């Protein structure tokens, strides 16, 4: 039976709601670029519930108006301890603009998808306003925008290097990564009466100090090239990124320092990966799992997408060059207990609009639940950004049995008709030739269960490209694995009398990719009988390897030059190869193949005899039909 929630079950968003709780002031006031949804997938709710669990009174101002007399920033008054600021669940510029730098018409994190409810760079805008209105109140920033912009970074939308967001915003502290552990310690210290300045010794915190007044040196401090040096030398920016990524992926990282202007940014090492008990505690907080009643009658699309889904772990050890997950969540997996997951599933089944279908049981990648190194002492010495590229690490315990057991226990709930896996699946973990027969059997069982029991007719996978040279730059497995997985998908479908579809995702204009590579991609996918729809142009986002290659023109680990399509016309020429089957693109593609000196590819691409409809190895069941674009994980 659905539970009725009184208004006081949510964090207060107005003075009236604070009074209903008997408060005359809040200890902490949060400002968020997203609508307030009280759910563990929405960062402001998580931060608020964590601080509330520490005994603090927390209020939230979602999507404040920054263009009027700033009454939204004043309405709850001055907090006793600090303001917290987050741009929201996405970097605001990714949220607001397309890969072509055009303003998006919709915002999934805003009621009724309105696109005018947040500024560019809310972290900076909100913080500057708060500092102007309440100059003596500390401001702590966090969330993915602040986290991935904590040091000098390339901003695609301004097409230039920007300094760390602390320097731009004037915030007092920055929490990077997932915030539960630093927030717990911040709350404990402030409740104990320690001064705000003492917080600078906490792990996973970044802060500014005047140049020349750096904190007591640590034995292994990592001093980056200054922001100004990076502005004058792109190779230095590339070298900086290499050090940042190495430290981001270490179990026990070093402190990072970078000079900018008259200040130095200090980034303390992160906390160790969360334990199962710690991550359970975060997910088990008393969320209503609903949007705030202020949005009654309005639709928040991001919530609609995830309201019947369950996140079972955090972190990803894939290390994809274009992905920010490992930079923000880390490469070490933090998994929830079965008991915690099953409690959440039970809560979902009791929701009024639940019809028996879980939309996703997954995480950043679908199949990494409870995976870690056999010998953690080896992991603690490791500096590699990926545990599976170029090969699966022999120290990785990639056992799919815990995930299989969890899925089967979920499906035993009598109110569950079907549990889907909507997160992206790592094919390389399923196809790896495990020496341990138990691991091989478990991977095969998971593959079959996935295809037979957990697919809604369409399985999303992300080969991303067909060129092994480009895939190596992406830190993705070779294309032959996609062909192998396609055959396995076909065999399992045939064995069970199913006609499901495989939906591959591809990227154009990734660093290292040429028009010739795109032509080869078109030919290979044609042979596999795919007419691609789920495609995207590469968008540089802060703190990824691919973005550094795009901006600097060098690979940060080798300092060798890397070609990248930068100009709009170059990117469009690559993108059109996805649509070789459209009549209006065919002549353009023919002309382009002549221009790049590869007319020999024309026959392979447009000769009907090369169609894979004559290839008995690829049945119609793998032919994707036209569909609306969906978000995906790498």
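Placed from the backbone N, Cα and C atoms, the Cβ positions cover glycine too.
If you check Swiss-Prot, you get these features:
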- 316, 320, 323: [4Fe-4S] cluster binding site (BINDING)
- 625-634: compositional bias 'Basic residues' (COMPBIAS)
- 302-582: domain 'Radical SAM core' (DOMAIN)
- 607-634: region 'Disordered' (REGION)
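Neighbours of residue 320 ([4Fe-4S] cluster binding site), defined as other CB atoms within 10 A of its CB across all chains, total 23.
DSSP classifies residue 323 ([4Fe-4S] cluster binding site) as coil under the three-state reduction. Over the domain 'Radical SAM core' (302-582) the predicted model carries a mean pLDDT of 96.
Residue 316 ([4Fe-4S] cluster binding site) carries neither a helix nor a strand DSSP state and counts as coil. Using a 10 Å Cβ-Cβ cutoff, residue 323 ([4Fe-4S] cluster binding site) registers 21 neighbours.
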